[in-house]
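Pulled from TrEMBL, these are the features on record:
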type	residues	note
TRANSMEM	B:100-120	transmembrane segment
TRANSMEM	B:126-144	transmembrane segment
DOMAIN	B:145-324	domain 'ABC transmembrane type-1'
TRANSMEM	B:151-173	transmembrane segment
TRANSMEM	B:179-203	transmembrane segment
TRANSMEM	B:210-230	transmembrane segment
TRANSMEM	B:271-295	transmembrane segment
TRANSMEM	B:307-327	transmembrane segment
TRANSMEM	B:347-369	transmembrane segment
TRANSMEM	B:418-435	transmembrane segment
TRANSMEM	B:441-460	transmembrane segment
DOMAIN	B:463-642	domain 'ABC transmembrane type-1'
TRANSMEM	B:467-490	transmembrane segment
TRANSMEM	B:577-604	transmembrane segment
Amino acid sequence: MPAQDPVIRCRNVWKLFGHSPKNYLETAKGGRSFDEIRQDGYIAAVRDVSVDVGKGEMLVIMGLSGSGKSTLVRCMSRLVDITGGEIAVDGTDIMKLDERELIQLRRRKMGMVFQSFGLLPHRTVLENVAFPLEMRGQDRHDRRERALEVIKLVGLEGREEYYPRELSGGQQQRVGIARSLAIEPDIWFLDEPFSALDPLIRREMQDEFLRLRGMLGKTIVFITHDFDEALRLADRIAIMKDGAIEQCDTPDKIVLKPATPYVAKFTEDVEKSRVVHAGGLVVPVNGYALEGAPVDAGATILQLARQLVNDTREVLPVQGKDGAIMGAMKRQDALDILLGPV
Amino acid sequence: MAVADFSSTTTSGRGFRPGLSAMLLGLAVFLAVLKPFLPAFAVRLPDAAVLPYDVWFQSLFDFLKDDLGLIYVTRTISAGLEWLLDITANLFYGKHRWPYIGPMPWAAVAAVVAIIGYALKGWKMALLGAVTFVWVALVGQWEIAMQTMSVIAVAAPVAVFVGLVLGIFAWKFPRFEAFLAPVLAIFQTLPFFTYLLPAVIFFKVGPTAGCVATILYAMPPMVLMSTLGLKKVRSEVVEAGHMSGSTRWQMLRHVYIPSARTEILVGVNQVIMLSLAMVVLTAFIGMPGLGAKLLSLMNSLKLGRSFEIGVTIVLIAVTMDRMSKAWVVTQPVHYERGTPWWIRHRYPLLAVGAFIGITVLAQAFPILAEIKRGQDLSIGSEIDSVITAILSNDVVTGVTGWLRGFLVTSVLIPFRNALLWLPTISILLACAAAGCAVGGWRSAALASGFLAIVAATGWWDRAVITLYSVISAVCVAALVGLPLGVLAALKRRWSDPILIACDTAQTFPSFVYLIPAIMLFGVSDVSVVFAIFIFATVPLMRYTIEGIRAVPEEVAEAADMSGATRMQKLFKVQLPLALPTMVIGVNQAIMFAFFMVIIAAFIGTQDLGQELQKTLAGNELGKNFVLGMCVALMALAFNHILMRWSEDRRKTLGLG
């Protein structure tokens, strides 16, 4: 992580549902497993989570249904009040904000996209997209301009006057995305944005999303239950189970070194050569004599397959985005990933 | 098998129930048999034990009214309402009050209604609206119809507004909802006479009192529907509102209320229909309009003209119902960009244009403004003579006369006497047994407690007579309605038209049902039972059809594939699954019957309704209230037992 402060900083965050969760958490501080807590009559939706999201970073939170991933993102946006711990956004503890400050925070800094879109059925596309601008009192002309701009950005030009029910699922989610971007938020939350769409549209929307992400450079927290989607989109992935984070790391590391048997179950069937990049296999140069043309750190092993098979060098130099040599990649390591261990 | 196992495990904790309930029932029968040996206080509460509740309530009301000065508050409200009522009265039928503009020409009103109908649901709805209002004008009932409409035009919007506000509060504050729920339940079962007298005493005789009674009567469903709608707004929509940085007011105004649109508009529909039903009944406190005219015509047994007014009321009811329901389901449709404003707003423009155009035209052709006496096409007196001829036909009088004689002497009177003969304690125990069977001792205590209060007021005999009419009529309704409902549900071709017929019949103001009853059976117990019977059959058929149709297709197919005959499928699969819904229908039939039996006081009964009607002449608010509570409590006892059973059964069957 870069040295600057994280945009979102979670420390020992707990969210319990039950009769009087605050008291329970104080008396039974830590140490209790998900099942023990359930036997005590509480549901631990988020269990002692500490995670940072850096500026411009995209964190994907992956977990099966009921793992607490949706609750965690709602804690970060304070749609849900946490039971214990601390969440800071740009250094401010969001649990200390009063209603007005919270509304201001959302009006200036946050945007969110929902699984089933959360569109207002009585408003046209244009009115839906302009809704956050209307809430903060922007005048009619300005908000129309801006709304048309984002509608164009998500490729819904010409549909401004339609009502949500007149659009397909994919189009509705484009409206949801446009609405979340209308206020030019710094932080962008996406709660399983593509899960309700059919596979072909999902693929198309993922590409569209990658395009937007490249253009906008926002800090993103993305929720999904689809491991492939997580691998495809993430800078870092946090895998959740029973409210706790099992492992939080880059896709390369998760695939190469799953921290727990639970994570390993997901990575088992993944074709690693598609996921792992040359940069993920880098070892320090010391001792190796580097020669010849370097490979790109950002290239996947699959992309380098032909070269790896034909090359005769024992170790290959790896160069980063800036062109500097990051270190060395052992050819054998890469071949192991491509062909499976001997 | 799985279902049976499941039910036995869920009820095992309360397994003593059937035994206890059988014991209670046995005790009830035992005491009834032993009646001659029972102490007098078990047979009937002695007069000495009846406390003067009516006097106490009277002094409570007097205290509220005079000492606490509630009368000044209500008089202020009256003044406001009266101002509104004067405006609508002037516009609708030209009462000489500010703003001195009216009356609106009938043809202009009819045209505007037709255009509204077209905008809502195409030319069929337009035709319905136009036919209704042209009919009203042509048969010469325009003025009385507009007297009625002018009250609805004030009462319905006020009821919608107040109901929505209360609904929002109930949704925001669960404690307020917990307090409001039983109050609304009582409001919905109180007989309408109990709305009328307080309205008169607190709110001035005339249209104002009628308007207040109508508002109170029509409001409960609005409260319930708005609370329901607000609770049902999808959490993601709410979260999207929060994430857009909405304040609380913006959330309510832009997110919650628009998203609850469907439920709120269903509430509006119910308010309109209940307003119409009640406003007709306000004839009993001297409100002019369709109800008053109908009442006086029926009093003088002018059945043909009553029939004409009945048709008017039904047409208006159907029009208002269909239009407000069409409003519920209308979805916004977009216009392409660049559509000029006069196309976007073509319906309002058209309506205003038609209204102004016809009003101007009416200056030249006064017949468009008002159809005077002698110009109308009423054939009421002709129908009068036709009906008289038919009814005096030997065959008809023979059949109805025989039926009446047979029913009265062999069925109704013996049944009534049997009920009256039963000791109070037996009826209370039987009720406790039923309560115990469905919901354990709490339900038993609740249901028999309700009846015990009725006994304690000293109106037991009158109450039993009311009960007798209700039970007889609902039994007949069940004998006719359930088989018809089953038949209709099994033939898909029939069920749709019958459902529509039921829906339509349900919108008729209850008063209308008296017309055929009096026509056929004159003034007798049979016509009371008959009027209640047709009124109560409607929900029975409706819920039977809906219950059977809601049986999942797969379950029916599974029965077919198991080789069930049609009868086996019906009795082993469809009816058991439909039963919880059918019981809701029975419950509604009973609620309807309690409503109708009070109106039947008009025909001449000897029950609580008759006593209630008598109180209207004076100002015995206390007695009126006690009588009203008696009716409400009996209805609530049935309601509790039947609904409790239905809910439990649904849960056991996993019907959600």
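Backbone N, Cα and C define each Cβ position, glycine as well.
Same-chain neighbours of the transmembrane segment (B:347-369): 103-108, 111-112, 115-116, 118-119, 375, counting only residues six or more beyond its ends whose CB sits under 8 Å from a CB of the stretch.
Below 8 angstroms of C-beta separation, residues 20-21, 24, 44-45, 47, 49-51, 53, 424, 427-429, 431-435, 608, 611, 626-627, 629-630, 633-634, 636-637, 640-641, 644 of the same chain, each at least six residues beyond the ends of the transmembrane segment (B:441-460), sit close to that stretch. Residues 411-412, 415-416, 419-420, 498-499, 525, 528-530, 532-533, 536-538, 540-545, 547-549, 570, 575, 582, 585-586, 589-590, 593-594, 596-597, 600, 605, 607, 634 of the same chain lie 6+ residues outside the transmembrane segment (B:467-490) yet bring a C-beta within less than 8 angstroms of a C-beta in it.
Counted over residue pairs separated by six or more positions, the transmembrane segment (B:100-120) shares at least 3 Cβ pairs under 8 angstroms with the transmembrane segment (B:307-327), which defines the two as touching. The transmembrane segment (B:271-295) makes no contact with the transmembrane segment (B:418-435): fewer than 3 of their CB pairs lie within 8 A, with pairs spaced 6 or more apart in sequence. Listed as Cβ neighbours of the transmembrane segment (B:151-173) (distance under 8 Å, sequence separation of 6 or more from its ends, same chain) are residues 81, 84-85, 88, 92, 180, 207, 210-211, 214-215, 218-227, 230-231, 252, 264, 267-268, 271-272, 275-276, 279, 282, 287, 289. Through the fold, the transmembrane segment (B:179-203) approaches residues 61, 65, 70-71, 74-75, 77-78, 81, 166, 170, 209-210, 212-213, 216-217, 219-220, 223-224, 278, 281-282, 284-285, 591, 594-595, 598-599, 608-609, 612-613, 615-616, 619-621, 624-625, 627-629, 631-632, 635-636, 639 of its own chain, all at least 6 residues removed from its boundaries and within a Cβ separation under 8 Å. Take the transmembrane segment (B:307-327) and the stretches B:126-144, B:418-435, B:577-604: counting Cβ pairs under 8 Å, B:126-144 has the most. Residues 21-22, 24-25, 27-29, 31-32, 35, 38, 42-45, 443-448, 451-452, 455, 460-461, 464-465, 467-468, 471, 637, 640-641 of the same chain lie 6 or more positions beyond the ends of the transmembrane segment (B:418-435) yet place their CB under 8 Å from a CB of it.
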